[in-house]
Amino acid sequence: MVCGNSCIKLLFFVVNFFICIFGALICGFSLWANLDKDFGSHLSDFVRQIDGIDVKLVNEIAEYQASLWILVAVGGLLFIVGFFGCCGAGCESPVLLGLFIFIIVILTAIELGATVFAMTNREEFVSSIQQVLEKSSSTPELRKNIKPIQNVFQCCGATAQTQNLYIDDGLCGPKPIAHPDNCFNRISHMVQSWGESIVVVAFLLLAIELFAVLFSCILCRSSQDIRYTPYYS
């Protein structure tokens with residue numbers, strides 16, 4: 001029983017260590033997705049500068065970015081919980097173990113919901129970005145607003161259909177163009193790449209959290225059995 005209990009403690013420590021690592025990863029990937037090269041701030045400024053933009057498009061972009069910020073918070077909290085779980089692996093307090101289970105279950109539910117929302121709305125986010133970029137190409141004044149995004153992504157023009165307008169306005173620099181790819185292609189590729197990374201890390205973390213809950217329940221039950229054994233012996 002003692003040997004089995006020690007093995008469970010060791011496994012509980014290892015699982016918490018992985019929660020700590022993967023919590024940091026999900027926090028880092030989500031933060032990178034929102035702040036990579038100041039993309040989030042440039043995008044927000046860019047959208048605000050366009051008059052007559054559909055409010056629905058703005059809301060879709062804001063909701064998608066909000067789901068990533070939720071993942072940043074959940075990842076940070078999981079890192080903290082995993083760290084204290086590693087430190088408290090040797091402490092078999094039913095109260096602490098029950099609190100640990102409660103926190104992990106709540107954070108797992110939030111993480112799963114935010115991940116599913118972000119991934120199911122990824123195509124809508126990309127579509128909204130495309131519509132915003134196309135809207136920004138309607139006048140020479142609006143086309144000048146894309147300059148910060150061009151500098152961030154080293155791209156030329158908003159979309160493939162409107163790229164010639166930016167070239168004619170001289171917004172892509174002298175010919176031959178140093179960065180021939182348009183900004184929408186660069187942004188959509190970035191969303192796809194870090195989106196896949198977030199999904200992989202999130203679902204690996206979900207599996208680890210389930211093992212953490214399982215080992216916590218076993219330790220909690222074992223500590224109760226040890227506590228009450230002297231009264232029945």
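From the backbone N, Cα and C atoms, a Cβ is placed for every residue, glycine too.
Same-chain neighbours of the transmembrane segment (12-33): 68-69, 71-72, 74-83, 85-86, 89, 104, 111, 191, 194-195, 197-198, 201-202, 204-205, 208-209, 211-212, 215-216, 219, counting only residues six or more beyond its ends whose CB sits under 8 Å from a CB of the stretch. Annotated transmembrane segment per TrEMBL: 12-33 (among others), in sequence order.
When Cβ-Cβ distances below 8 Å are used as the criterion, the transmembrane segment (66-88) is approached by residues 12-13, 15-28, 30-31, 33-34, 96, 100, 103-104, 107, 110-111, 114-115, 117-118, 121, 198, 202, 205, 209, 212 of the same chain, each at least six residues removed from its ends. Taken from TrEMBL, the feature transmembrane segment covers 66-88 (among others).
Remote same-chain partners of the transmembrane segment (95-118), defined as residues 6 or more beyond its termini with a Cβ less than 8 Å from a stretch Cβ, comprise 19, 26, 63-64, 67-68, 70-71, 74-75, 77-78, 81, 85, 88, 195, 198-199, 202-203, 205-206, 209-210, 212-213, 216-217, 219-220, 223. Per TrEMBL, the feature transmembrane segment maps to 95-118 (among others).
The disulfide bond feature in TrEMBL is assigned to CYS155-CYS183 (among others). A sphere of 10 angstroms centred on the C-beta of CYS183 (disulfide bond) encloses 25 other C-beta atoms.
Annotation comment: TrEMBL describes CYS156-CYS172 (among others) as disulfide bond.
The transmembrane segment annotation in TrEMBL covers 198-220 (among others). Sequence-remote contacts of a segment are chain residues at least 6 beyond its ends whose Cβ falls under 8 Å from one of its Cβ atoms, and for the transmembrane segment (198-220) they are 5, 8-9, 11-12, 15-16, 18-19, 22-23, 25-26, 29-30, 33, 68, 71, 78, 85, 92, 94, 97-98, 100-101, 104-105, 107-108, 111-112, 115, 118-119.
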* Structure fact -> CYS183 (disulfide bond) sits from CYS156 (disulfide bond) (Cα to Cα, rounded, in Å) at a distance of 6
* Integer Cα-Cα distance in angstrom, CYS172 (disulfide bond) to CYS155 (disulfide bond) -> 8
